[in-house]
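According to TrEMBL, the features are:
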type	residues	note
BINDING	Phe39, Ile40, Ile41, Val42, His43, Arg110, Thr310	substrate binding site
BINDING	His296	heme binding site
Amino acid sequence: MKKYPPAYYSDYLGLDKLLSSQELLSKKYDSEAHDEMLFIIVHQAYELWFKQIIHELDSVINMFRHEYIDEVNIGIAVSRLARITDIQKLLIEQLRILETMTSLDFLDFRNFITPASGFQSFQFRLIENKLGLDPTQRTMLNEKGYRSYFAEKHQKQLKESEEQSSLFHLVEKWLERTPFLESEGFNFWESYKKAVITMLDEDKQTIINNPIISEEKRQKELNAHENTRENFRAIFDQDKHDELVHKNLRRMSFRATHAALFIHLYRDQPILQQPFKFLTLLVDIDELMTAWRYRHALMVLRMIGTKIGTGGTSGHDYLKMTVEKSKVYQDLFNMATFFIPRSTLPPLPDDIKKKLGFFYTTQQ
Ligand code: HEM
């Protein structure tokens, strides 16, 4: 067996460097603030976890760059995305530790750190870009894009990360390639459409016949019902779908949306369980990002009230705005709009199961 030199714990983990990287600005400026150590360590812990998230995301992105993705890789991607969600849960919990620092304690050193801000977290922006945050949805700050608030070396890398295929785009392509959407003798869309129309007609009758609501309420409900019908039209009509994409109300392509819907509706089939888990994890990651953003905005409110941020935004108001504007997988989030009861779904034919490469039979 090959011999390797003995590893030493501290050297292996680079602890000399890591543990000497907490330089308190308050100490440097002869006004040492006890809580600045906590402030630095919490941020550093975040950045370490961001590094791990990027490591996992990059590996999944690399798998999805290929035209053909083996079923085994979907399983690996699922376990890596699940790891990201566990880290994210920890990241939300971690804010609590920072909240043991009071607002007054923060004021002891806040002046020293201006204009640095989490707004300039390079790795956080990389995560957003790799997940597929739409650059046009980003908020301009003083009429400048977020990249201009970074050092030059980071600006370049951020631009590159925007230009590379994000997980969103690769997943969209993967969904578009799924072979089971058209198959001879399998009229899923026809059966689905019929079931949808029956369901919508029944819903409408329920509203019309409801004896306990006022006429005004009935009209409101009928209007809402018409909106639902309109949403469904976009599932059947590519032009309608593209119109919604144009208005930023949908993002995923028509074909990818169909494939995602199909996977959700037929998720009980063993062949679709991993793809279903995969899509669900993307929604989980998006939701946990949103939860972190909201939780961070609340912490900021109790920490600095409605003061502006050290990075120059309006602070809490800006952060509240990014909560809603930063969702990436909105189409997958809203998928439930198009679900119909299992009992109305046409059965999946054998040739489709074969096409997906997850088929075993003892019959000749
Ligand atoms: C005392 C604690 C904190 C305060 C008062 C605070 C405050 C703020 C404020 C006001 C902003 C808006 C940008 C600005 O004007 O500066 C911001 C953005 C941000 N902060 Fe914090 N923050 C704190 C802790 C943290 C921690 C621990 C992290 C973890 C890395 C973090 C990450 C971020 C990120 C990623 C943004 C950008 C959000 C976006 O643009 O969507 N912050 N923070």
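Each Cβ is built from the backbone N, Cα and C atoms, and glycine gets one as well.
On a predicted model such as this, the values are computed, not experimentally measured, just so you know.
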Distance [Cα-Cα, Å, rounded] between Thr310 (substrate binding site) and the residue listed as 'heme binding site': 15
Listed binding-site residues with Cβ under 6 Å from ligand 1, out of Ile40, Ile41, Val42: Val42
Of the residues named as substrate binders, Phe39, Ile40, Ile41, Val42, His43, Arg110, Thr310, how far apart in Å are the Cα atoms of the most distant pair? 18
Within 10 Å of the Cβ of Arg110 (substrate binding site), how many other Cβ atoms can you find? Include all protein chains, please. 18
Under 8 Å Cβ-Cβ from Val42 (substrate binding site), six or more apart in the same chain: what's there? Gln94, Ile97, Leu98
Which one of these binding-site residues, Phe39, Ile41, His296, Thr310, has the sparsest Cβ neighbourhood, judged by other Cβ atoms within 10 angstroms? Ile41
Test of understanding: give the count of other CB atoms lying within 10 angstroms of the CB of Ile40 (substrate binding site). 17
How big is the Cα-to-Cα gap, in Å, between Ile40 (substrate binding site) and His296 (heme binding site)? 16
